[in-house]
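Enquirer: Here's the feature list from TrEMBL:
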| type | residues | note |
| --- | --- | --- |
| TRANSMEM | 37-58 | transmembrane segment |
| DOMAIN | 46-294 | domain 'G-protein coupled receptors family 1 profile' |
| TRANSMEM | 106-125 | transmembrane segment |
| TRANSMEM | 146-167 | transmembrane segment |
| TRANSMEM | 205-229 | transmembrane segment |
| TRANSMEM | 241-265 | transmembrane segment |
| TRANSMEM | 277-296 | transmembrane segment |
Amino acid sequence: MSPKSLQRGNLSSPTMFLLLGFSSAYRAQVTLCLCFLLIYLVTVLGNLLILTLVWLDAHLHSPMYFFLGHLAFLDICYSSVTLPKILGDSFSPQKTISFVGCITQIYFFLCFGGSECMLLAAMAYDRYLAICHPLHYLAFMSKKMCHCLVAVSWLSGCFSSLIQAFLTARLPFCGSNMINHLFCEMPFLLKASCSPNATLNKATLYAFAGTVAMGSFLLTLVSYVHIIGAVLQKGAGTQRAFATCTSHLIVVSLFFGAGAIVYLMPHSSSSKEMDEVLALLYAIVTPMLNPIIYSLRNSEVKGAIRKALRRGVLQMSSK
């Protein structure tokens, strides 16, 4: 076999990847599995509750809760990309994923993550119109505009992730099939790659990821700069309206903060545990916390929950 063909063989992609982000100790695996199972159940049930309330309660048929319902659906999809596979690997002796499965996981992870970034920006814009232009709010934030903003969120996430997944699939790995992480994620796959143009590949991939993430973050930031300016100028009435933004601000801070650290900070072997904790924060924990944050800090959602519980009790007593 010629040296050139050997080189081409060495630069080929592996058929399987080995995930190294799990503890080999049995007791630790049991603990991790129970924690991840609890997180997944809370995530799915909590977001299904938000979806059901938004669908059934007429008081929640407004643009803000329309976006919240889509956020709840996105959170279920987003956590379902990683958590079922992590749960399956918790007790598996061979914690592997196929190359196609890895690229597919990266695509959907980036798709739902990018869509959530844009949807959070749309929710910030909704709050900006409600607080800064209350008299024209219903005209600006019509049903057609709401559907357009949601469609843009989904399409931007799907399109950007398709390009990123395609470019990631073309990276050479020189026979290396080990990913030092809990699941397939772009920064850790780039680290495992042996591309001779590694810097260029990383710059290209991060440019596409940054277009969606940074673009939506800047839109969110601009919206809140105007909101805070309006609150400081107009006084008490606007301050009460600003209370509806606190839940959204907490979610934005958790999601963008942890994601920025993982994607922008340099990675080293000494920070492996911290990388995993931060990845779990925005990939798994944030989707679980979103319905809790919105329900605990929102009087209308709490009121809808109380009405649903009373309705359920009455139906049970009538039977």
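Backbone N, Cα and C atoms are what each Cβ position is placed from, and that goes for glycine too.
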Enquirer: Which one of these stretches, 37-58, 106-125, 205-229, has the most C-beta pairs shorter than 8 Å to the transmembrane segment (277-296)?
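Expert: When the Cβ pairs under 8 Å are tallied, 37-58 comes out ahead.
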Enquirer: Looking only at the domain 'G-protein coupled receptors family 1 profile' (46-294), what is the model's average confidence as pLDDT?
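Expert: Averaged over the domain 'G-protein coupled receptors family 1 profile' (46-294), the predicted model reaches a pLDDT of 82.
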Enquirer: Going along the chain, which residues at least six beyond the ends of the transmembrane segment (106-125) come within the CB cut-off of under 8 Å?
Expert: 64, 67-68, 70-71, 74-75, 77-78, 81-82, 149-150, 152-154, 156-158, 160-162, 164-165, 168, 183-186, 189, 209, 212-213, 215-217, 219-220, 223-224, 248, 251-252, 255-256, 259, 283
Enquirer: Near the transmembrane segment (205-229), which residues from the same chain, at least 6 beyond its ends, have a CB less than 8 A from one of its CBs?
Expert: 110, 114, 117-118, 120-121, 124-125, 127-128, 131-132, 156-157, 160, 163-164, 167-168, 186, 190, 242, 245, 249, 252, 256, 259-260, 263
Enquirer: Near the transmembrane segment (146-167), which same-chain residues lie under 8 Å Cβ to Cβ, leaving out any that are not at least 6 residues past its ends?
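Expert: Apart from its flanks, the transmembrane segment (146-167) reaches 63, 66-67, 70, 103-104, 106-119, 122, 125, 186, 201, 204-205, 208-209, 211-212.
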Enquirer: Grab the same-chain neighbours of the transmembrane segment (37-58) for me: Cβ-Cβ under 8 Å, and only residues 6 or more beyond its ends, written as numbers and ranges.
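Expert: Same-chain residues near the transmembrane segment (37-58) but 6 or more away: 65-66, 68-69, 72-73, 75-76, 79-80, 83-84, 87, 284-285, 287-288, 290-292, 294-295, 301, 304-305, 307-308.
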